[in-house]
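Engineer: OK, TrEMBL features for this one:
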DOMAIN    202-309  domain 'Fe2OG dioxygenase'
Amino acid sequence: MAPTLAVSFNDSSEIIDFVLKKGNGVKGLSEMGLDSLPEQYIQPLEERMCDTITTSQESVPLIDISKWDDPGVAEAICEAAEKWGFFQIINHGVPIEVLENVKEATHLFFGLSAEEKRKYLKELSPSNNVRFGTSFSPEAEKALEWKDYLSLLYVSEDEASALWPSVCRDQVLEYMKRSEIVVRKLLDVLMKNLNVTEIDETKESLLMGSKRINLNYYPICPNPELTVGVGRHSDVSTLTVLLQDDIGGLYVRGNNDSWIHVPPVNGSIVINVGDALQIMSNGRYKSIEHRVIANGSNTRISVPIFINPGPSEKISPFPEVLASGEKAVYKEVLYSDYVKHFFQKAHDGKTTIEFAEI
Ligand SMILES: CC(C)(COP(=O)(O)OP(=O)(O)OC[C@H]1O[C@@H](n2cnc3c(N)ncnc32)[C@H](O)[C@@H]1OP(=O)(O)O)[C@@H](O)C(=O)NCCC(=O)NCCSC(=O)/C=C/c1ccc(O)cc1
Ligand SMILES: O=C(O)CCC(=O)C(=O)O
Ligand SMILES: [Fe+2]
């Protein structure tokens with residue numbers, strides 16, 4: 001796209017104003033056609049995906065879940081959650097059209113003018129549950145991330161109808177509704193393997209009492225090797241359902257400090273275990289560190305749905321897991337405290353979970 005804004009910056013505060021306060025995001029910077037990355041985005045060497053970092057040839061499992069009754073499917077899911085913490089699913093029952101529509105809706109939202117998107121900035125948004133932003137936690141970060149996002153906390157259809165941006169609302173709601181069926185089946189299988197045999201109302205609120213969906217936008221970056229799309233982190237969810245487009249760039253921590261690429265597979269959905277499930281399973285299921293690189297030639301989008309405990313839930317290892325005498329590795333924490341701890345600091349790999357360690 002041709003540059004739409006004739007803007008130049010004299011100092012750092014002008015960039016912050018343009019990106020954060022005026023609602024241009026990094027998309028606005030990208031579209032100016034800068035020759036080099038503004039210094040605020042330059043990550044320390046150890047956070048960059050440079051040549052010295054080993055990328056592994058291994059890959060996370062790709063599981064065909066069309067035959068739920070096949071015990072091999074349940075086995076593959078549990079093994080993937082234990083060993084890799086990440087897997088991709090195909091033949092999951094969410095129609096391709098629903099996936100395509102939500103990706104298109106993401107482009108529609110970010111294609112709105114800065115004035116329009118700005119209405120959803122934290123300071124201006126009609127609700128705390130609808131937030132347009134950039135980077136992860138700009139106030140807390142030493143170096144910013146090359147990413148814009150719209151984050152929507154699902155409360156009810158009525159609230160979504162009233163408050164969510166209309167260009168993407170229906171497509172997002174449909175994707176959430178269709179993927180929920182898959183989430184229930186996955187949790188059912190994962191719980192049975194922990195001897196948690198029934199997901200009653202109490203367990204449902206514990207495992208999936210709140211849902212947040214993010215629309216992530218990673219525009220073309222002038223010096224992708226100097227920055228990150230998303231820094232190293234693990235999700236604080238129970239499970240994350242992640243839709244990515246066909247660009248690639250998501251890496252997951254593998255053995256011996258290597259990084260494994262999660263390649264785009266047409267029609268697939270990526271699933272990963274979050275910290276809440278690692279805690280509830282007493283470490284049996286792994287919430288694995290991951291990151292996204294910046295890209296010098298393509299815009300990338302992704303759409304994660306974070307399936308979380310209800311904010312007022314207290315999470316701790318399930319009694320069923322500890323029944324055989326296994327020692328608890330995590331203490332009980334109030335989930336909203338855990339999430340606040342996560343949001344108040346910059347991304348720092350796997351350290352969030354220390355908040356719950358005994
Ligand atoms: C109880 C909560 C946690 C807090 O609510 P609150 O006390 O009314 O306050 P706020 O909603 O204003 O949020 C508290 C702080 O968290 C920050 N925050 C609030 N949502 C956000 C937000 N989507 N983004 C980035 N800061 C935020 C927000 O900036 C704010 O910081 P501060 O203004 O300095 O007090 C509430 O948000 C809640 O019920 N959440 C439901 C559970 C929930 O959202 N779980 C999180 C799942 S998200 C996840 O797993 C991963 C997300 C993720 C995201 C980006 C990544 O790069 C990587 C991962
Ligand atoms: O963009 C991606 O593929 C992953 C993003 C991510 O890790 C997150 O939003 O938590
Ligand atoms: Fe993540």
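Using N, Cα and C of the backbone, Cβ positions are placed for all residues, glycine too.
A TrEMBL annotation is a machine prediction, not a hand-curated record.
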Engineer: Do you know the DSSP helix, strand and coil residue counts for the domain 'Fe2OG dioxygenase' (202-309)?
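Structural biologist: Breakdown, helix to coil: 19 helix, 43 strand, 46 coil.
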Engineer: Tell me, what is the mean pLDDT of the domain 'Fe2OG dioxygenase' (202-309)?
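Structural biologist: Taking every residue in the domain 'Fe2OG dioxygenase' (202-309) and averaging pLDDT yields 97.
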